[in-house]
Amino acid sequence: MENTPKKQSNVYVNVTKQFNKAADLMKLDPEIRKILAKTTNEITVNFPVKMDDGRIEMFTGYRVQHNNVLGPYKGGLRYHPAVDIDEVRALATWMTWKSAIINIPFGGAKGGICFDPQRYSAAEIQRITRRFTFALGCNIGPEYDIPAPDVNTNAQIMAWILDTYVSTQPPHERQACTHVITGKPVEAGGSLGRDKATGQGVVYTIEEWAKDKKFNLKGATYFVQGFGNVGSWASILMKQHGSKLIAVEDVTGAISHHDGIDPDDLNAYVLETGGVAKYSRAKPLDHKSFMSTEADIFIPAALENQITKETAFLLNVILVAEGANGPTDIEGDEILQERKIDILPDILCNAGGVVVSYFEWLQNKRSEFWDLEEVDSKLRKLLVNAYMRVRDTAEKYKTDWRTAAYIVALMRLEKVYKERGIFP
Ligand code: NAD
């Protein structure tokens, strides 16, 4: 597909370079650096699933656990044909930094299955999900490793994982396992506000940036890549500030309208048709023109490596708010910095999802049910505090915000390792 950007570099190489830059600058203890440079466990499972027509297909799934010194492993599950061990390693590592920046008691993990869910029926996806959960077995668990949604996975898939996991536990322990997964439907033990949490977090961090810069969000223009969970919610919540969505791209294509696209109306259209490409209240756009859109804010909310040495020069914005994980590669990052385009880095900007996952986990453990106001106000507080830590660290070290975000995370991890020591 012409407007489908390809993966351009190995994302784990990017994570390692980002880590090294921050570790050098903050002078991370060399012994602790050795530990954090490695993932802890890498689980690969190959498993058979019966298709609707009776054939058997083999699938490969992964769960990478990067670090759990701050708490249980935590991170999403992705269903996508580009999922491989390196991508999952990178995503797991980012989760460790994210939880550490926000100050929640979780470590980092990520998982996924390498397949294209568009090519399978709902019944097949359910069987693939259940068989993957079974294959992972006790490598996940409510106090050990807690998955959540990511690209092409949703609350329904989380409910199937919950049901499969508890079905494999002894009967008297089943009710104590609801927190094995977060991002569940609310009726199945999910939290209010988890569906919009990542997009909400993106908007809270943009609000803080706007306050700092004395930038008025009312009337500001923005464009969004990816109109799934993160992109659609970020778009809808930006509308509440009176900001104007002027272009959107998803896997089906890109569209734009200078007078603005109504995110609620587009969301209803996408839920019905599966993509933005044929939305009649906007005109189609090629990928290069989409990336060149003149606007105040760009919110990448799709996949990795979209802002690269080829595309970073095209951007015509003052802020990139990274809803996606790893949307900017190393060269893209350098170009944005040279061009003085502000960046709210992924490990800060999209942390709203893991925060409300933490709230869901807490509610399940305590048999509580919080109202939406409580969830939102606690989320905002944690994100604003993290934003301020990153901003102040960037100032202190005279560095870019991504490196500053890493330094905030690494300092916390370094402190805990020093306090606990290394066994034996
Ligand atoms: P999703 O599956 O709900 O949506 C993904 C969107 O990206 C879809 O609109 C899809 O069409 C689009 N897309 C896919 N390939 C594309 C391409 N090549 N070009 C343009 N658009 C493309 O996924 P999501 O949960 O919204 O996740 C999006 C990003 O946000 C990912 O990087 C994910 O890791 C990150 N993230 C998600 C959460 C969460 O809570 N879901 C939390 C933190 C970070």
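Using the three backbone atoms N, Cα and C, a Cβ is placed for every residue, glycine included.
For the substrate site, TrEMBL records Lys98, Ser357, and the single candidate of Lys74, Lys381, Lys396 listed with them is Lys74. Cβ-based neighbour count (10 Å, all protein chains) for Asn229 (NAD(+) binding site) stands at 25. There are 30 other Cβ atoms within 10 Å of the Cβ belonging to Thr198 (NAD(+) binding site). In sequence order, Gly75, Met95, Ser99, Ile104, Phe106, Gly108, Ala148, Ala351, Gly353, Val354, Val355, Tyr358 are the same-chain residues whose CB sits within 8 A of the CB centroid of Lys74, Lys98, Ser357, the residues recorded for substrate being left out. Non-local contacts of Asp150 (site 'Important for catalysis') by the CB criterion (under 8 A, 6+ apart in sequence, same chain) comprise Gly75, Gly76, Leu77, Arg78, Leu91, Lys110, Gly112.
Taken in sequence order, the recorded positions Lys98, Lys110, Asp150 that lie near ligand 1, meaning a CB under 6 Å from one of its atoms, are Asp150.
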